[in-house]
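As recorded in TrEMBL, the features of this protein are as follows:
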- 27: active site (ACT_SITE)
- 27: UDP-alpha-D-glucose binding site (BINDING)
- 164, 188: Mn(2+) binding site (BINDING)
- 325: active site (ACT_SITE)
Ligand SMILES: O=c1ccn([C@@H]2O[C@H](COP(=O)(O)OP(=O)(O)O[C@H]3O[C@H](CO)[C@@H](O)[C@H](O)[C@H]3O)[C@@H](O)[C@H]2O)c(=O)[nH]1
Ligand SMILES: [Mn+2]
């Protein structure tokens, strides 16, 4: 349901819906996810006009119904519809299968036939399902709906999938064949839009003629909800996501932090693309549900597509680090692109952060390995970055990349005092009497 809320919150952006397309990537390759998004597509027909008519700012349904919501004549009905949808999805997840009564038409039922017997999350052909098509589907008030497309990229147990970077590159290619919009937002499934005006804010930067044409992306801070007010455990990661990002903004711009970031599509195509359909300027004028477009989309989402191409090295999101966001932003800066850190008063996005020790340790471990992969690769910020971007930004990137090394002095510092105490040893040099009197005088 978290991903459904993410999608609904951006589908209801204050932006012409015929120009808006939401692509959902499901690396788990589950029919339950398709089912959840079919339900979301139906609910969107009610939710979008409700939000727009009543000028609702909180457009993530879960957050809206949880808050002290403003009441309108149709609120109770919408709330009931939302809860019914949530129950159906949660029941299906609990049971692990979808009840036939929940599938209203044959077309939808047919989508599930792609899950054949040999289909596993690690080994399956690509599945792309258009759930809403802007040129055909209308909401309950008769307005156009945005496109909503489900994608589960092809996977093979014998080929590397490159984790999230691999998934993002498939999204980049499939959206290229279907709609090819010049601006792309990447948003994690555990975050949602908290401000429907965000795309307009971004366009102010991108369309400003006075702006540097090298502006490649606009990063919003990662802010989390559900953290106690004073954040006594530092769960907001304020230093990394807000303070340091503002500092780097004074140089060539903030790092890319994986979510809540709007890119110009062009930044991912540093070199000429091999497939003409993926050329960033190509205009798609066929229906996204047409045979040709779907065939091309399936082709570019196949696990064999990237063989012998520059995907992940020179084009698209970069492979080679578990922190693909940090590495991709860094390589874009090395190529000469600039970025902007935009931190509006009302948070543009809100997300979940790990709330127990196990998931925190898991995340820190993943980040540490990923950062060290960048620190010691051939494009290390300390050697390559300081030359390619500028010395100061290179050092900023080095500060992040070598950050896991802090674990060594911190571990020593955590144990030495106790060991010293147990062994009656002093960890500080003895102060001789003359110096002590000097110290006391000082
Ligand atoms: O093989 C994978 C692994 C992850 N994801 C997606 O990646 C997103 C982020 O994963 P999450 O588990 O939320 O990781 P976090 O540690 O919270 O993510 C932070 O760190 C990641 C690595 O640096 C960044 O990509 C994220 O944007 C950033 O929020 C999720 O939406 C996942 O669905 C994939 O699609 N495929
Ligand atoms: Mn996350």
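From the backbone N, Cα and C atoms, a Cβ is placed for every residue, glycine too.
Locations of recorded TrEMBL features on the structure.
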residue	record	Cβ within 10 Å
27	active site	17
164	Mn(2+) binding site	18
188	Mn(2+) binding site	19
325	active site	23
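The 6 Å Cβ screen around ligand 2 retains 188 from the recorded positions 27, 164, 188, 325, ordered by sequence position.
The recorded positions recorded for this entry are 27, 164, 188, and the Cα of 164 lies nearest to that of residue 325 (active site). Between the alpha carbons (Cα) of residue 188 (Mn(2+) binding site) and residue 27 (active site) lies a span of roughly 12 Å. With respect to their backbone Cα atoms, residue 27 (active site) and residue 164 (Mn(2+) binding site) stand 9 Å from each other. According to its DSSP assignment, residue 325 (active site) is helical.
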